[in-house]
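One structure is given here, and the rest of the page talks about it.
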């Protein structure tokens, strides 16, 4: 039987303003006596009573008691009397009655002992739940007041289908507003995106001659500017997309090919989307290294202009940089910072996203270069942003988040960073100002989000870090041996 483990956090109690806080030193002393001799006492008593401890298993109970001095000690003495080994204890203010607190006890015992314990607890406490999952408070009740966000990658299906404006809902000033053929084509792309679910291959599209021609014009004209206007990371990946994904003037690349390429390069994938998503839903995708991507092509009457993101914007603007590991991490961290954040904070993050990943500039070899997708997919604004006419400011999330985002005209200001790494570090510092009662961790093995708000959840992450550090140390030792250091 393992020694009992007690977790009392003075910060935890103080945060809730419980009167029980004043009793913690006294009760802690008593409880210390309970737990110090617990393993030995349990073993000896089990031997005398002839109970079989080999059938012990882990279980849990949540009970509610009045917020008064001595109440917790009286309840926990019952665990000792029934030889129930306490592994972990947490507490919080009761959501049912403000005058009570709820106690979560993770314990180890036999079925008989547990049933006897519950019968005794019922006389002193109110049983809330028995044998709950390990995450009963952190994943369910503790997140009741937090805006919903996907906890696993498959839940992005829910985000992707909450489209604010569908591709068929064109404004009167849209080039394709009066083109019924174009509108029907857009409806087809909506149906494809709305029917897609996580884990499926992205449906391949047979683009029309008109759509391929429009793509070709955009591809050809932008390709002339990239050598002098795009950042080096973009220029490094663009030829690879030509080689592996069919980036050519006479061919519109397929999202499935692009997604597989990105997965190998940076861990990102793309999935089709029917239209505009809310900032919260779009950023949630980035947290999982998933980029929501349109498949429709802009109207052919004006190939060099589009009032909305289309596949030319996605494939030529975003994809080449999503293949860069550092840029991919920068994008993901913005997404992670948005999970569970308030509407106000999400809007600030979305604005920072807009002026970096969409319209960001960086310095390379003493020259301004574009890395924002909105610039790299717009001939006119790409030229303007790197000209003397543009207003360029240093990127600072605290001030950038207040800048107005313009959709139909050039931006009033553009923001420059020395590197992706600098922009990422500034965003990390900015993310610390976001009010959120927990931190999040992306588990790449299960492709899920873990909530970090107690010692147990943090310990799991630390174990992963230790494993990574051991690998690094082993590699360094072998290098030193090889170099004779």
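Note that the numbers count up from 1, one per residue, in the order the chain is shown.
Yeah, the Cβs are placed from backbone N, Cα and C, and that goes for glycine too.
Note that the coordinates shown come from a computational prediction; the quantities given were computed from them, not determined experimentally.
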Same-site residue for Fe cation (record: Swiss-Prot; known: 313, 318; options: 333, 344, 358): 358
Among 19, 331, 378, 439, residue with annotation phosphoserine (source: Swiss-Prot): 19
Residues that sit under 8 angstroms from residue 318 (Fe cation binding site) by C-beta distance, when 6+ apart in the chain: 291, 293, 357, 373
Cβ contacts of residue 358 (Fe cation binding site) (under 8 Å, same chain, 6 or more positions away): 372, 373, 374, 375
Other CB atoms, at most 10 A from the CB of residue 313 (Fe cation binding site): 21
Cβ-based neighbourhood (8 Å from the centroid) of the Fe cation site, residues 313, 318, 358 excluded: 309, 314, 317, 357, 372, 373, 374, 376, 377
